[in-house]
Protein chains: 4
Amino acid sequence: IPKSFVIPTKVRDKHSMSMFVTTDQLSLPPKYSDDETSPREKTQVNSKGSSDFCVKNIKQAEFGRREIEIAEQDMSALISLRKRAQGEKPLAGAKVVGCTHITAQTAVLIETLVALGAQCRWTACNIYSTQNEVAAALAESGVSVFAWKGESEDDFWWCIDRCVNVEGWQANMILDDGGDLTHWVYKKYPSVFKKVRGIVEESVTGVHRLYQLSKAGKLCVPAMNVNDSVTKQKFDNLYCCRESILDGLKRTTDVMFGGKQVVVCGYGEVGKGCCSALKALGAIVCVTEIDPICALQACMDGFKVVKLNEVVRQMDMVITCTGNKNVVTREHLDRMKNGCIVCNMGHSNTEIDVASLRTPELTWERVRSQVDHVIWPDGKRVILLAEGRLLNLSCSTVPSFVLSITATTQALALIELYNAPEGRYKQDVYLLPKKMDEYVASLHLPNFDAHLTELSDEQAKYMGLNKNGPFKPNYYRYDRCSKTTHHDFDYVQYTHFYCNVV
Amino acid sequence: IPKSFVIPTKVRDKHSMSMFVTTDQLSLPPKYSDDETSPREKTQVNSKGSSDFCVKNIKQAEFGRREIEIAEQDMSALISLRKRAQGEKPLAGAKVVGCTHITAQTAVLIETLVALGAQCRWTACNIYSTQNEVAAALAESGVSVFAWKGESEDDFWWCIDRCVNVEGWQANMILDDGGDLTHWVYKKYPSVFKKVRGIVEESVTGVHRLYQLSKAGKLCVPAMNVNDSVTKQKFDNLYCCRESILDGLKRTTDVMFGGKQVVVCGYGEVGKGCCSALKALGAIVCVTEIDPICALQACMDGFKVVKLNEVVRQMDMVITCTGNKNVVTREHLDRMKNGCIVCNMGHSNTEIDVASLRTPELTWERVRSQVDHVIWPDGKRVILLAEGRLLNLSCSTVPSFVLSITATTQALALIELYNAPEGRYKQDVYLLPKKMDEYVASLHLPNFDAHLTELSDEQAKYMGLNKNGPFKPNYYRYDRCSKTTHHDFDYVQYTHFYCNVV
Amino acid sequence: IPKSFVIPTKVRDKHSMSMFVTTDQLSLPPKYSDDETSPREKTQVNSKGSSDFCVKNIKQAEFGRREIEIAEQDMSALISLRKRAQGEKPLAGAKVVGCTHITAQTAVLIETLVALGAQCRWTACNIYSTQNEVAAALAESGVSVFAWKGESEDDFWWCIDRCVNVEGWQANMILDDGGDLTHWVYKKYPSVFKKVRGIVEESVTGVHRLYQLSKAGKLCVPAMNVNDSVTKQKFDNLYCCRESILDGLKRTTDVMFGGKQVVVCGYGEVGKGCCSALKALGAIVCVTEIDPICALQACMDGFKVVKLNEVVRQMDMVITCTGNKNVVTREHLDRMKNGCIVCNMGHSNTEIDVASLRTPELTWERVRSQVDHVIWPDGKRVILLAEGRLLNLSCSTVPSFVLSITATTQALALIELYNAPEGRYKQDVYLLPKKMDEYVASLHLPNFDAHLTELSDEQAKYMGLNKNGPFKPNYYRYDRCSKTTHHDFDYVQYTHFYCNVV
Amino acid sequence: IPKSFVIPTKVRDKHSMSMFVTTDQLSLPPKYSDDETSPREKTQVNSKGSSDFCVKNIKQAEFGRREIEIAEQDMSALISLRKRAQGEKPLAGAKVVGCTHITAQTAVLIETLVALGAQCRWTACNIYSTQNEVAAALAESGVSVFAWKGESEDDFWWCIDRCVNVEGWQANMILDDGGDLTHWVYKKYPSVFKKVRGIVEESVTGVHRLYQLSKAGKLCVPAMNVNDSVTKQKFDNLYCCRESILDGLKRTTDVMFGGKQVVVCGYGEVGKGCCSALKALGAIVCVTEIDPICALQACMDGFKVVKLNEVVRQMDMVITCTGNKNVVTREHLDRMKNGCIVCNMGHSNTEIDVASLRTPELTWERVRSQVDHVIWPDGKRVILLAEGRLLNLSCSTVPSFVLSITATTQALALIELYNAPEGRYKQDVYLLPKKMDEYVASLHLPNFDAHLTELSDEQAKYMGLNKNGPFKPNYYRYDRCSKTTHHDFDYVQYTHFYCNVV
């Protein structure tokens, strides 16, 4: 394993990890007990006689198939894309290697790609997140999948290699979540890498690595950053957090929200979602901000803007979502009142200085999974959730609807890159064209029985718009920009729009 | 066991049951495995040498004590009452037999009664709800407690009898939840019953049984109905349901609320709570009502008032909270769309006609604890939660804060009845005096750092009020009246209704 | 004029006065200039040759008719009652004397009574509030109306007398707003009074006077208190104030609500309406309360409960709605910051100690109608609205929809009293039967296209309800009780309060 | 007058016009009667002996001064800028010609520029909007102002010319609102134009004209587009409309919002503001959209997305805010129910096809200023507000706070352009640097008593940000882009930030 490009597990980012927390990890007991033999040591054959896969137990395929079918019900946008596009098979000839969490929802994506004409080989981007029964169902249906729950680090790279390194089959598209697969191909199979038509990357981390490659002049393939699409960002941040802040707090602490005094650090999209939900349920919410524009928005939305040290003594809950580090310090923690709940909704685990609590005079008491009481010498307890890691990653689930948006975006990005005429995309990292973003949104509207109005010819002309969109300029972006995207700006250069599929 | 007055388990009501769902039932694995010997067959002695109790395992006392201490943190109103009143010992001489769920929160109540001077003997009102380690801690501290998790029906009555039937100790106060203890004393120990100074009853069912006794002229003891206090009702219904509807739906289905079309049947306090929360999180909510006043309120609050059959085909969720029966019929269920979630927030399990779904052409699939997919021949799935039983009983928890309100009310009612001068209370069922209700509320205000304004002498005179309250007349009541409380109706002067024009 | 029973103008209450503020007073210029001759000195004849009326100018009838027609559009419930009941003429034989504000909305009521069979004679309850053109239209259509805008005190009583004192016509029903007509009849025409079948009284003041008569044993006629009906109260207080607080503030000050710090004194129905609206528009709202139950509700609804002197220095607005006196004192006013807006939404003008501001060191500057800047020696300005009188009386309008509810209730109360069988009502003051209250609500549901669900026979039986209602017991009441309604208190069984522990 | 570049009055845009509607136009009677002599024919001298101005009546100066002082109270950000920067006089040497609405708020801006060192000559951008007493006060204090209410077209250009065409004084900065002044200088005084250091333009129309000049290669001066700053846009659209939709509807129709069925056409920032406010006050709101991303946001925010023709028959109100034309057609109007209110919140008067209502079979009845009943042959009335022009322009006021944001932005833009080092700005149109936008926001935070958090050095480094901002990249923009700004994109080219003043 080439250590040089291994990303430490703890750096894996929120959006990437969000797929990891699936139903059964959180609240259900394991469905059956697996045997302990490593899958690498077993020989398994699916019902069609193929053994070009490596999963925990091919016999779980039927159970996994039911899980996939249930997921399909909540991913109607992807199914609808599958139906619309399968006649023309826009991915005919595409040979896709993929590296993502392997869950029922991903399986719906993979099987959509197959329905559109692609051949797929797949591996897991995380050693814990694979749903074994789903992997089995994929293997049974003919996808070459190499993944199981509880891989070792060595297993991890072995699986990636088995995806890429095949006699007589050469990948021409990469779908990645975190960048490990991309870098493996880049380093180990440079000749394959050069012939790849496009890379679709889902995670902040992976996008960051692609930009680094690009800056170093080594990115010889066009890549699509789907992490920063408007639709995905709004759902991952504003709408999803609006619900998961409540869910995460309830599942861990059973706290009543009504009348609670809460400070939310940071009023970007995540903070806006948290504040809106907590206020709606009767909490009294104030906000800290560094940015005067966000601070003014907080004021106008009815939240008092304060400094943390002014209010920390009165608070019942302290929630961070700044993207920054050491926002809650030991000094703040020392001043909190008994029973104060502290948690983080931001995308790294740096916001609360948890390390500062590992001192001899404080006692840690694990009262529940993901819930620690940190006890001061005078008996004061501070309730720390998920040890300062992202709360909704650790303590709530992600609705299939959100995963559907991500998966649909990935599928469209693959179609676009695979079908783009020569020259549309150069060897660079691209944001999702606005028209594709709008198309993803439109595929999800039927879930809400929403009826879109169409422009008349006269109206389109008056507005200077194409009747089919895009309706927003490419620079239209979500509200608060993450660290990484500050540097992205230079890459916004193209004016071509997505127009094949729609 | 005198079968004649046994209440079937399935009739036990919401408020009574709400204490039943404690942390460990819902989300935590059992903490250790108990041995299988029946407690009745064991001889156990606490550290002071007493064996006047019967619990699962006295050795769990230390663990139970920690649970009690944690509960105390969230029940500061009760602790504050304990501190304020323990000097004067208002319950000195009181001999209280109690029959409630035995949880950490109840333990805080019992130990408060003891601190105020009472002697207590206690048993469980439900065969499943006892926290064994808490019972052990109570036994260790000297309370004669007879209860364990998983009693048989025979055990249940044996425990009750052991509480009451003691040499040289005669109960003079009863604290009951459901009426089983009261009726046991009434039937089996009529001479004890006659000398009881007062009964405090917590549940709808128990209150109903008391009114029946009273009507039959057989209630020779004043009784206090604490179920219908304003504070308790507002919390049990409006505020608690506002949170638990979200919690119950998330824990069972992980559904995203944003954009979902929901119909809430019934716009009483429970319905108001559900509607408010769902609307706040972006659901599109409509309401059904039979009562034009509630319907007009729904309109003014921004909810379209519809008939169920007009909208059922488009809904993503159907939630009942009418208190009525067969509100959702098989016909409605047949017309629901694929994936529709159906659940009940009302206080009995009659609202959804679940029995009608037990027909051969429908397949039931249990996908998770408390979650069934009912599958129609064409593949349509309706997602039924908790088999139509109260959702927040089955699928969410009750915050300690709500339990604190109940327990404080019970303690005050005991003090009032025990200390009331001759003649204040006759042999009847009383509602909680408004002043006590206000006092319970005031004890909980410090939790919110709320500062009450005091009337000046001049202002009190102007308003015709006592400076210390009560501030509301006794007829002030919560919004929607349950079936039972219709009995108070007779106290209102006239009973003729308007009937000519309509 | 028998001075003894004249109510000083300043005591006239909110609900009574609310009809006073009609469109043209507030924002429209006078439509034409009236001549200055007193109507009492003119002889006017309508087109049918009658001169049994006294209005400003019968020639304005056509213009008034149009105003009435426009009002009819917003009062569809009353029109619908008119249509439903005019076949059976439930008021045939009724001779109604009425004393209310005379506006287009009242005219719709009067003409409804006529359509139902009544003969009506009418006068104004306020010397300023008559819409002259509407009075003319009524006179033209044959109603004997005696009222004009700008009556003298002497005119006022002359008009009342002209209504009652007629050859060959003796009133048998009274519809009053404020009690002046009732007392005139009681004092001057005792023989008429004794034969009256019923009195319908609309205002707090009038109801209070009726209770006094009743207590003194002098009320020989059944009276209906329509002021305290649930429907009317909810609309007059919660729903109407939710809108009029915003409207009143905007029209007077053009203030932006977003981010403003506001304290609302009192969390009854009026306070709840104000808080809800201001919070929704982005204000940061806190609350003062004397009643712990209301205070706890404020907490759970997300409002910090404070004492006024703790926060007054930071506030941008101070709004009173307590029903109490001297809630905002000179001391508070001295501590307000520059630009603070102070106003009253409660039902009397006692809440802000305006008199304390009439001192030499303070300068008053009238900057707009209803808006005074009170200027401190250091230049600080406090913005006082409507000199502390009810803001929505003075500075906003009342929607016809609310007036429709009041008028429909009055009409139904008249029908009920006129048709009630012997013995149903004794010589006492009655609250509106719940069924009538529900009927008023149901007549207004079509405005919202609301579809009420009907109980099945089985459901009605299960609930112990009649299928047509009433659905609520008679003791069901609105949230916060006004001073007057404390008198009902005696009807509740016990009067002893809890007082030991507190 | 060179007709070629005269903008027809009806094209003047929303933002420009918003200043026009000031208090006295809307709700106050004229304060005194002016004489009829044209100001151009009078000779007036101020108290210092100067007559270099032309206003209605210099004697009104004292009254105007008070109006300015009151405005200052609400524009504390501008006053604070005045105080911070007046020591260094950053506009020393600047000779500013300005053409804006002349109101008390503008006067605060002008006097701020003077305090910072500028010499100012000023004229009105609209023939009706001048507050004569304010113009008098400015003239009295030494500003050469040429403006009065009710100018003729000829007066308008004469005043502009008098500003520019002065012996011995040559403008070097232009502050414009609509572009008329800019074009007058450009056409008539090209040699002056070439030496101007910068133009600050406030309106959409003016910005559009500048881009046209720039495209034609004729813009020889750097220009700053302050219309599109984030802070201004958020306030002009989202926050301001959230309040003015309610205000405009109430002042014109006194409608009750609770329970009303409303369709809002367009879910950009304006639509979001309208929907949020109406929903909060109990209306039942649905939305039409052409853009799937906005439509999905509407869904997630809880608004049903529909086509107008599907719902128009049931609606109580129809509100347009699309920026498009003929969104509400005659066909829609024909299908509306009796009493439906129709109005426009979008920035042009094209959205409702009002012309289609000017047909013989329909009767128009003006029932109030800005309110027409359009009556169909069957008696159906549709209530049309402001004849389809922008509702909040015509029927409500703009809070001084919003005007303060605009004025502060204009002042900062002038300072920046005047002080920018050679080469920072080329001959092009620039968006406001993000740092300046943030600075405007920060100057307004004290109004809300908001306390901004500062980054520590360590945190700034971690985030890759300067401690003093900017915190957002330059491409950060408001949500919905107007037509014009679609074309602007190409002009975003610079990376220099504002750094002198802060």
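Any Cβ shown, glycine's included, is placed from N, Cα and C.
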Binding-site annotation, TrEMBL, NAD(+): partner of D:Gly268, D:Glu269, D:Val270, D:Gly271, D:Lys272, D:Gly273, D:Glu289 in D:Asn165, D:Asn172, D:Asn392: D:Asn392
Residue from D:Asp74, D:Asp177, D:Asp180, D:Asp254 that TrEMBL also lists as binding substrate with D:Thr103, D:Glu202, D:Lys232, D:Asp236: D:Asp177
Between D:Asp236 (substrate binding site) and D:Glu289 (NAD(+) binding site): CA-CA distance (Å): 21
Which of D:Thr103, D:Asn392, the listed binding-site residues, has fewest other Cβ atoms within 10 Å: D:Asn392
Euclidean distance between Cα atoms of D:Asn392 (NAD(+) binding site) and D:Thr103 (substrate binding site), Å: 18
Intermolecular Cβ proximity, binding-site residues D:Asp236, D:Gly268, D:Lys272, D:Glu289, D:Asn392 versus chain A, under 8 Å: D:Glu289
Separation of alpha carbons, D:Glu202 (substrate binding site) and D:Gly268 (NAD(+) binding site) (Å): 21
Spatial separation of D:Glu202 (substrate binding site) from D:Gly271 (NAD(+) binding site) - C-alpha basis, Å: 23
Densest Cβ neighbourhood among D:Gly268, D:Gly271, D:Gly273 (binding-site residues), 10 Å radius: D:Gly271
Number of other Cβ atoms within 10 Å of the Cβ of D:Glu269 (NAD(+) binding site) across all protein chains: 22
Alpha-carbon spacing, D:Asn392 (NAD(+) binding site) to D:Asp236 (substrate binding site), which is rounded to whole Å: 11
Of the binding-site residues listed as D:Asp177, D:Glu202, D:Asp236, the one whose CA lies nearest the CA of D:Glu269 (NAD(+) binding site): D:Asp236
Cβ packing number for D:Val270 (NAD(+) binding site), 10 Å threshold: 31
Among D:Asp236, D:Glu289, which are binding-site residues, the residue with the most C-beta atoms within 10 angstroms of its C-beta: D:Glu289
Rounded Cα separation (Å) that holds between D:Lys272 (NAD(+) binding site) and D:Asp236 (substrate binding site): 13
Local Cβ density at D:Lys272 (NAD(+) binding site) - other Cβ atoms counted within 10 Å: 25
Spatial separation of D:Val270 (NAD(+) binding site) from D:Asp177 (substrate binding site) - C-alpha basis, Å: 22
Count of other CB atoms lying within 10 Å of the CB belonging to D:Lys232 (substrate binding site): 23
